[in-house]
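Shown next, in structure tokens, is the structure this report addresses.
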């Protein structure tokens, strides 16, 4: 077969691969002016509130708690998220990531709630306390797996075998895999969620095109503009009696006065360790939570890579990912001490916000951590913002999760898409990453339990939870295939894009790693990255 003639000078050429995004206004090490940084930090705080409210609102009533307990758990989760975000941005990965509650930990927590030893408790308050202590004990044990894998460097050795090709399904489904939290959440109150989605697209994408003044303002602060408008609109609908005769579920999702958080939150309260009592331990629950912790570790790895991209940093070195995972383990340990009923991972929606604003500054996220701690202590004020109707957050998720998924796809620029090997690994990993969790989730929805159903609930969770995670399944399939099919062929090495990341597999191979990821206060002398 004859080869194609070489292209002429004036012919269109594919866009060249870029190791860093050039269109980011403020990268990881270049903070905006202080007034702008403070507003952007507040915007990150608003975005992370959705998950912070959704998870305790789902778990605390099942644990036996009322509005007072729910408000205290949300306050604690917010307080701890601020501390963990500061630790991660100063001493962990150094990326501009918000460390908040994780949906991955919900399933094993529900298993603890349903344990027989708690079902016999007649007093709801006592049941809540006992369940919370059991969750704390499981999280204490679960935190060790991330600290061991992270700080020992074992996870670094795993990530060094990651190529752009195997990273694509993992990162893409970290974002796209959360689709059930997007429009299905909007549809729970479509007259509030849909305006938020439409307005945010209009403010961030169209207004900068048609207006000749303040172009960066609407894109950069679109979340604050749109949330304020739609929240006010929801308030007007509430006080005008629009939902007076609506079903209870509609009122919970649409009204601004149905969260029960403002009445339940104290004016001033500082969460403290072991506020619910001493943790209790159960071996089976600890094993299940450890497996969940490992799933969160894999998902966070994908989120770290996406955050490094949107912060206009170079590919994050494996040793820095490993260090960040170790600090995430410490974050889960702090969660267990304070009693959040949930573990910590990277907030995917806040990674998407980096893309929307074109601001990947580390300082902005550190400021947002300050807002988390401040409003957690001032309970009434924090509860006011936490009472934003959840469909508003779902409208934002449709954009933020899409940005993270698109970031995963962008790494295909380093791969040979004309290779049949590439097409197989890519397509099969995506398909299995969507299809296998769909089977597990459908089975659970119909039967009330997962496909693996034995007398040991903890064993069931150890199998059902991993295969219900879309990024974990997709990442596992892609990683295995990419490292076992024709790996010794030099042409294949280039097809999978492995050579593009060679210089980033060691911290010292690229001078930019020092600029983006080195520890503050000259700590690299004592804790060198390799």
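Backbone N, Cα and C atoms are what each Cβ position is placed from, and that goes for glycine too.
Since we're looking at a predicted model, the values are computed, not measured.
For the ranges 17-36, 157-176, 217-236, the feature annotated in TrEMBL as transmembrane segment maps to 217-236. Here the transmembrane segment (217-236) has Cβ contacts under 8 Å with residues 25, 36, 39-40, 42-43, 46-47, 192, 195-196, 199-200, 203-205, 207-208, 211, 254-256, 353, 356-359, 388-389, 392, 395-396 of the same chain, all six or more residues outside its ends. Within the chain carrying the transmembrane segment (364-386), a Cβ under 8 angstroms from the stretch's Cβ atoms is held by residues 26, 31-32, 37-38, 40-46, 48-49, 52-53, 71, 74-76, 78-79, 81-83, 85-86, 89-90, 96-98, 259, 261-262, 264-271, 350, all 6 or more beyond its ends. For the transmembrane segment (136-155), the list of distant contacts is 105, 108, 112, 274, 276, 279-282, 285-286, 288-290, 292-294, 296-297, 301, 318-319, 321-333, 335-337, 339, 343, 530: same-chain residues at least six beyond its ends, Cβ to Cβ under 8 Å.
Two recorded stretches are said to be in contact when at least 3 C-beta pairs lie under 8 angstroms, sequence spacing 6 or more; the transmembrane segment (392-412) and the transmembrane segment (38-61) meet this definition. Taking every recorded stretch in 38-61, 193-211, 424-440 and counting its Cβ pairs under 8 Å to the transmembrane segment (97-115), the highest total belongs to 38-61.
Among residues of the same chain six or more beyond the transmembrane segment (193-211), those with a C-beta under 8 A of the stretch's C-beta atoms are 185-187, 218-219, 222-223, 225-227, 229-230, 233, 356, 391-392, 394-396, 398-399.
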